[in-house]
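Participant: Once you've had a glance at the structure underneath, I'll fire off some questions.
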Amino acid sequence: MSSAKQMGRGQYRNEYIAALAATSSLVASVACAGWSSPALPVLRGPNSPIPITPDEGSWVVSLLSIGSLFGPIICGLFVDRYGRKPVLLVSAVPLVAGWLFIVFAESVGMLYTARLLHGIGYGLAYSLTPIYLGEISSNAVRGSTGVLVTVMAKLAFLFEYSVGPYVGFRALAWISLALPVGFVVLFFWMPETPYYLLARGNKKAAADSLRWLRRSSTIDEELGRMEKLVLESKQKGNPLKQLLLTSTNKKSLVIILLLSFGMQLTGINAILGYSQTIFSRLALPLTAAELSIVLALVQLGSVMLPTFLVDRAGRRPLLLASTAGSFIGLAMCAVYFTLDETTTDVLSPEPGAAHGWIPFVGVLLFIISFAIGLATVPFAILGEVFPKHIKAAANSVFGVITSAVVFSVVKLFQVISDGAGTYVSFWIFTGCTAATGVLIYLIIPETKGQSFERIQEIMMRRGRSNETGRECGDGAKGRPLLC
């Protein structure tokens, strides 16, 4: 009896080990995004190892997004040919190369090259890690292993924000270099996914992989189900073609693209990438570096909330609450920076003045609100509105478009802030967030508790303006763009 209980507790141990090893790729890659916050003040400071202009600084931050455009493309080209594990291991190569470029950089051009390389590794890791997790995890732990994607990403920000301000510019690059190396050392020993091995016709290796992951020798039934899914996927043909040409999938794609644009036009990546630069403007007793660490800690804690809420509160309520809270937080920042930059007698410049906390609280409210909905729910919907054999293609399209939007937002943030004022950037983010909330209310259906077949029915009904709210189902009542 005690042996059976012990096995029950440790049944999923190997799945968690593999998931932690795989998601360590995200710590290594997302650290590249967090690096810019402590690095920019040094590069633009009086003792800069490589003096740069504000415009060059905006390129240093935003070129990561340009590089990440290639990640989903590389993933799509090679992941079914060479396997999930080898391609994910290869994502460490551009990360290591990028850090070495920064270590030995003598010009801004070398920094640009480093950021492009970082972007390739970043995009590849973010495209491939969810696929690997989805194919190794059993139903009982798929939710918790999926949460690791977000948690590990926030750990990376916390690492860079906490270490960066207290070590030298090149020392930070050497320390960060250890992250992709550590990922390779950990993940090298993990198995390939059973799905990929079955797709390549290697049933014996697939059985060995599944046996190790499940810590059980009775895997014939599950292996049979996997074989059936692999066979069905092959019979259905090119997933990208089906994604772009099938009516239901195109309507689902519109929803996913709306959420993608909505996520990024809140300015989340610009705020995280320039957090220390933004906080240096605040008259507070804490330093900008210390405020960034508090921000990273709050961000890490807040990503745990959707785990408990998304299947209880539903997708739409979380998205609407998220956009409302994000709107309020951004509006607080916009009002503060408007007064700070356009008036001289309203705000006191004294450190510790009470109003100095307003924008920082606004940023924290934005980060928490963003985390409970916009940061995570779109990925849940992405997994619900597309058939299994199309999810990888949808994920690639989602990744490419998201990277393009991130580049535009991050690049223009510095340009607009320098040319017109930081308050203009925040008002743009506030307006975009308000528009996103309206569109979510009008367009996004509720998928909580719905079967895949029911969700497909809802997608098919979109655009039929002559149907009633009752016919469209509870999740679509009162929204003419959906019914």
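Numbering starts at 1 and runs along the chain as it is shown here.
Cβ atoms are placed via backbone N, Cα and C, with glycine included.
Curation plays no part in TrEMBL annotations; they are all automatic predictions.
Sharing the features that TrEMBL gives for it:
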type: DOMAIN; residues: 17-448; note: domain 'Major facilitator superfamily (MFS) profile'
type: TRANSMEM; residues: 57-79; note: transmembrane segment
type: TRANSMEM; residues: 86-104; note: transmembrane segment
type: TRANSMEM; residues: 116-133; note: transmembrane segment
type: TRANSMEM; residues: 140-159; note: transmembrane segment
type: TRANSMEM; residues: 171-190; note: transmembrane segment
type: TRANSMEM; residues: 253-274; note: transmembrane segment
type: TRANSMEM; residues: 286-310; note: transmembrane segment
type: TRANSMEM; residues: 317-337; note: transmembrane segment
type: TRANSMEM; residues: 357-381; note: transmembrane segment
type: TRANSMEM; residues: 393-416; note: transmembrane segment
type: TRANSMEM; residues: 422-444; note: transmembrane segment
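Let's see these features in context: how buried, what's close, how far.
Facilitator: Within the same chain, residues 32-33, 36, 39-40, 43-44, 87, 91, 94, 108, 111-112, 115-128, 131, 240, 269, 273-274, 392-393, 395-397, 399-400, 403-404, 406-407, 410-411, 413-415 sit at least 6 positions outside the transmembrane segment (57-79) and bring their C-beta atoms closer than 8 Å to a C-beta of that stretch.
When Cβ-Cβ distances below 8 Å are used as the criterion, the transmembrane segment (86-104) is approached by residues 22, 25, 28-29, 32, 67, 71, 74-75, 78-79, 110-111, 113-118, 120-122, 124-125, 128-129, 132, 170, 173-174, 176-177, 179-181, 183-184, 187-188 of the same chain, each at least six residues removed from its ends.
Under 8 Å from some Cβ of the transmembrane segment (116-133) lie the Cβ atoms of residues 19, 22-23, 25-26, 28-30, 32-33, 63-72, 74-75, 79, 84-85, 87-88, 90-95, 97-98, 101, 142, 145-146, 148-149, 180, 193, 379, 392, 395-396, 399, 403, all in the same chain and six or more residues away from its ends.
Within its own chain, the transmembrane segment (253-274) is flanked in space by residues 33-34, 36-37, 40, 61, 65, 157, 243-244, 319, 323, 326, 330, 363, 366, 370, 374-375, 377-378, 381-382, 385, 394, 397-398, 401-402, 405-406, 409-410, 413-414, 425-426, 428-429, 432-433, 436, 439-440, 443-445, which lie at least six positions past its ends and keep a Cβ under 8 Å from the stretch.
Listed as Cβ neighbours of the transmembrane segment (286-310) (distance under 8 Å, sequence separation of 6 or more from its ends, same chain) are residues 34, 37-38, 41, 143-144, 147, 150-151, 154-155, 157-158, 161-162, 164-166, 275-277, 279-280, 318, 360, 363-364, 367-368, 371-373, 375-377, 380, 448.
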Participant: Looking only at residues six or more beyond either end of the transmembrane segment (357-381), which have a C-beta under 8 A from one in the stretch?
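Facilitator: Answer is 130, 146, 149-150, 255-256, 259-260, 262-263, 266, 268, 271, 275, 278-279, 282, 284, 291, 294-295, 298-299, 302-303, 305-306, 309-310, 315, 318-326, 328-333, 335-337, 436, 444, 447.
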Participant: Compute the average pLDDT of the predicted model within the domain 'Major facilitator superfamily (MFS) profile' (17-448).
Facilitator: 86
